[in-house]
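Read the structure below first, then the notes.
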Amino acid sequence: MSVITEQNTYLNFINGEWVKSQSGDMVKVENPADVNDIVGYVQNSTAEDVERAVTAANEAKTAWRKLTGAERGQYLYKTADIMEQRLEEIAACATREMGKTLPEAKGETARGIAILRYYAGEGMRKTGDVIPSTDKDALMFTTRVPLGVVGVISPWNFPVAIPIWKMAPALVYGNTVVIKPATETAVTCAKIIACFEEAGLPAGVINLVTGPGSVVGQGLAEHDGVNAVTFTGSNQVGKIIGQAALARGAKYQLEMGGKNPVIVADDADLEAAAEAVITGAFRSTGQKCTATSRVIVQSGIYERFKEKLLQRTKDITIGDSLKEDVWMGPIASKNQLDNCLSYIEKGKQEGASLLIGGEKLENGKYQNGYYVQPAIFDNVTSEMTIAQEEIFGPVIALIKVDSIEEALNIANDVKFGLSASIFTENIGRMLSFIDEIDAGLVRINAESAGVELQAPFGGMKQSSSHSREQGEAAKDFFTAIKTVFVKP
């Protein structure tokens with residue numbers, strides 16, 4: 001059976017077959033730019049579907065782990081080649097589902113392909129170290145082994161890159177996978193899984209189950225047949241997933257929220273800083289865990305910098321993300337839009353000054369979508385809600401400070417610690433920032449939202465469970481170490 005039926009319905013993929021869920025029910029996936037555009041219908045899966053997928057993954061894991069890393073890597077190379085042929089199709093689907101602009105979606109899809117090829121190559125790298133023994137006649141070394149079955153719970157904001165940067169290392173290091181994507185972008189995930197299928201992965205090695213997090217995601221976290229769970233999403237849900245995995249002794253990895261600061265020092269290149277702030281805050285309509293949220297500016301340049309941000313914001317074109325002249329698309333869903341608008345209202349209630357934007361767009365070409373104007377707040381203090389909580393929308397909180405020391409204190413004055421950036425020409429300030437900022441990603445003269453696939457990704461404090469994704473660091477989560485002592 002194909003990934004899609006004639007009714008534009010997308011199926012689960014379990015044990016090498018495209019199948020309907022046990023419930024027989026489906027969930028509508030709509031385009032946030034125009035809710036009358038139905039991207040497709042996906043399965044509203046049940047606990048029985050989770051059971052079938054986990055069983056298939058367990059049955060496949062022994063044969064899969066017995067392949068060499070190089071052999072497993074070949075499947076990733078083939079998948080990457082197939083995805084490359086379908087880049088336009090996958091990117092357009094991601095845009096229709098999530099709302100990011102088509103150039104952004106194409107870039108993300110290209111990145112997903114690059115991630116596959118990167119981890120395909122990792123299958124040829126060493127899996128252990130030789131360690132000197134105190135016994136001169138003995139050999140001691142480490143080797144890495146797969147965990148078994150990995151449950152992947154992926155978010156809607158990066159529907160291509162994040163599922164792949166979880167699945168690719170899991171697979172190449174010898175694990176089998178059951179993925180539960182966010183329902184909002186489940187069609188894109190189905191198209192990606194179809195590429196793995198065409199690449200010839202053995203039945204049961206990769207499985208797709210769509211449906212509600214409370215059933216499918218929670219089911220994976222609680223299932224004794226799932227050896228590890230990797231999750232990206234909200235702090236609220238992440239804590240539930242982590243507690244469920246911990247309760248049964250399973251390995252878990254959580255990547256969650258951020259409240260990412262950019263410090264603009266009085267010696268900064270203001271043009272470069274303004275462009276980076278606008279891009280970091282408003283690209284993908286602010287729906288990135290690494291998006292710029294707080295902009296902390298020294299008082300001597302505050303007014304000049306504020307004007308640059310306002311002018312750049314006025315030039316932003318908002319609309320259907322598939323159109324070439326659009327710079328910022330819609331919010332991904334009604335719930336997300338309502339959440340963003342509630343934070344904007346909260347900012348005004350607490351005394352911040354809304355300088356620009358922040359209005360829901362609902363007339364004319366916007367009437368069928370989830371649109372909001374990008375917003376910039378002035379007169380923000382660190383204790384305000386909009387300076388403390390993740391909004392996940394196009395909202396900047398401007399904070400004025402007198403010194404870099406004050407800026408650093410405010411930057412660290414949140415429960416999150418994912419990404420942080422500073423703009424300065426002073427090497428001393430750069431080094432102090434690197435040393436003192438509480439963030440897993442530290443950016444100097446660059447926007448907060450930049451990530452490279454070959455480097456570790458993850459946060460501090462409540463942004464993460466303190467493991468790292470991507471690059472060689474992924475090996476630490478997706479494998480277990482055996483220490484071997486050999487006495488002839």
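Cβ atoms here come from the backbone N, Cα and C positions, even for glycine.
As recorded in Swiss-Prot, the features of this protein are as follows:
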- LYS180, GLY233, SER234, ASN235, GLN236, VAL237, GLY238, GLN336, GLU390: NAD(+) binding site (BINDING)
- GLU255: active site, proton acceptor (ACT_SITE)
- CYS289: active site, nucleophile (ACT_SITE)
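This view paints the features noted in Swiss-Prot onto the structure.
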residue : record                       : DSSP class
LYS180  : NAD(+) binding site          : strand
SER234  : NAD(+) binding site          : coil
GLU255  : active site, proton acceptor : strand
CYS289  : active site, nucleophile     : coil
GLU390  : NAD(+) binding site          : coil
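GLN236 (NAD(+) binding site) and CYS289 (active site, nucleophile) are 14 Å apart (CA-CA, integer value).
Looking only at other Cβ atoms within 10 Å, the busiest spot among the binding-site residues SER234, GLN236 turns out to be SER234. Summarising the environment of GLU390 (NAD(+) binding site), the number of other Cβ atoms within 10 Å of its Cβ, over all protein chains shown, is 23. Between the farthest pair of Cα atoms in the NAD(+) binding residues (LYS180, GLY233, SER234, ASN235, GLN236, VAL237, GLY238, GLN336, GLU390), the distance is 24 Å. Neighbours of LYS180 (NAD(+) binding site), defined as other CB atoms within 10 A of its CB across all chains, total 31. It is 8 Å from the Cα atom of GLY238 (NAD(+) binding site) to that of the residue listed as 'active site, proton acceptor'.
The Cβ of the residue listed as 'active site, proton acceptor' has 25 other Cβ atoms within 10 Å, all protein chains considered. Between GLN236 (NAD(+) binding site) and GLU255 (active site, proton acceptor), the C-alpha separation comes to 12 Å.
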